[in-house]
């Protein structure tokens with residue numbers, strides 16, 4: 001390994017046996033073997049070189065920023081690798097950045113798979129064109145751009161002229177090696193800014209923040225009996241939902257995190273009947289179609305209410321209770337009459353009581369009415385508003401729906417236009433995470449990745465080390481970095497396996 005002698009970007013690959021070439025080499029070239037296939041593109045060589053040379057001054061400043069970012073990222077990720085690997089051994093903390101990239105427990109649909117493939121192609125294209133423009137700005141001629149498949153692992157590379165690359169100063173080489181990572185981070189920032197600006201960009205055609213439009217309700221979902229596509233979810237447990245984050249946070253919060261107690265003004269006659277049902281059950285559980293309730297402490301409690309009523313759990317019909325007047329939301333009093341008690345549902349671990357208020361604004365009967373009604377203030381008076389109570393695992397049902405916070409302003413082609421913002425958000429979200437993952441992986445000091453070339457260039461700056469010591473330092477760094485990366489990957493896969501087993 002030649003230390004401080006820059007290697008060709010993507011070059012040095014040994015000639016593979018049984019290689020078959022197709023297409024004329026003037027523009028395209030396809031090489032195939034048993035375990036490796038690459039597709040070389042020569043068409044963009046002169047175009048990229050001409051553009052890079054024409055704007056070399058600006059591009060050198062641009063990629064100098066990328067070189068600084070790459071060095072800082074290499075240092076931070078190397079420290080995270082060490083910490084994460086220690087966490088894998090000791091089974092303590094050490095959460096790694098890529099842990100958040102996966103979503104365990106969720107099935108991958110055809111749309112998700114398609115977006116993943118397209119996001120990978122876009123991210124790789126940005127990465128490799130970053131290397132190409134950085135090389136062109138340094139006056140290096142591009143030999144070709146290749147897309148390859150090694151066994152089942154896809155990738156891409158930019159092949160540069162080796163002799164010209166070896167004559168560059170270390171920082172110029174560093175600009176080239178960090179250019180791909182830098183472009184992936186810039187792509188992530190572009191996706192993030194676009195996602196934040198999406199409500200403003202779509203404002204002429206869509207409203208945002210009025211609720212969540214239901215796009216799809218799977219048959220296996222417990223909510224399929226209540227919700228249909230194009231329904232508008234307005235509130236959950238009395239809290240307004242304006243984004244999918246609100247939806248997940250409300251449904252997955254713990255009981256101790258509730259800001260408002262869910263209470264209903266239940267007639268005392270119902271409570272007494274509920275006591276009889278509870279006493280008649282040997283196991284002390286409520287019969288089918290009944291749910292357990294308990295009394296909330298109220299400042300205006302009536303003397304008619306006995307201590308027994310306030311401590312016992314009462315079996316009541318959930319759907320009937322949900323229609324009653326609310327109480328317990330104001331905090332200082334329960335706002336119930338003397339003939340009523342403020343009751344709250346009992347939530348066991350893994351079981352939640354969730355009241356969902358929704359509308360069907362795109363039906364012919366309600367399309368004109370909902371435009372003049374406030375979705376919160378007129379829940380009882382709104383003829384298009386409906387509510388239901390879900391009792392079960394709220395965290396599971398939260399991910400069973402496809403929701404969008406964008407509601408079309410025009411009723412024409414509503415069933416098609418409602419999906420456009422949803423697809424845009426998913427595409428931007430997918431590109432953001434894939435590009436971020438590609439940048440993180442290439443920052444790692446691992447063999448055959450950009451991190452290895454960056455580390456080699458960094459070692460060149462240690463002038464006090466001899467050539468042999470630099471070579472030994474590089475080998476040890478790459479060996480340790482590759483080993484720790486493998487440990488981190490095993491840890492992530494093991495964590496995903498445990499999560500998937502716990503959800504079965």
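Every residue gets a Cβ built from N, Cα and C, even glycine.
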Message = Tell me which of 16-38, 85-107, 108-130 corresponds to the transmembrane segment entry in TrEMBL.
response = 108-130
Inquiry  = In TrEMBL, one of 142-161, 222-241 is tagged transmembrane segment. Which stretch would that be?
reply    = 142-161
Query = Can you say which of 181-203, 250-272 is given as transmembrane segment in TrEMBL?
reply = 181-203
Task = Out of 409-435, 436-462, let me know the one TrEMBL marks transmembrane segment.
result = 436-462
Request  = Select the range from 108-130, 142-161, 181-203, 436-462, 474-494 that forms the most Cβ-Cβ pairs under 8 Å with the transmembrane segment (61-83).
outcome  = 436-462
Query = Restricting to the same chain and to residues at least six past its boundaries, which positions have a Cβ under 8 Å from a Cβ of the transmembrane segment (181-203)?
reply = 63, 65-67, 69-70, 73, 122-123, 126-127, 129-130, 209, 406, 421, 424-425, 428-429, 431-432, 435-436, 438-439, 442-443, 450
Note = Counting only residues at least 6 beyond its ends, the same-chain positions whose CB falls under 8 A of a CB in the transmembrane segment (108-130) are 48, 63, 66, 145, 147, 154-158, 179-184, 186-187, 426-427, 430-431, 433-435, 438-439, 442
Task = Across the whole of the domain 'Peptidase M50' (117-480), what does the mean pLDDT come to? Round it, please.
result = 80
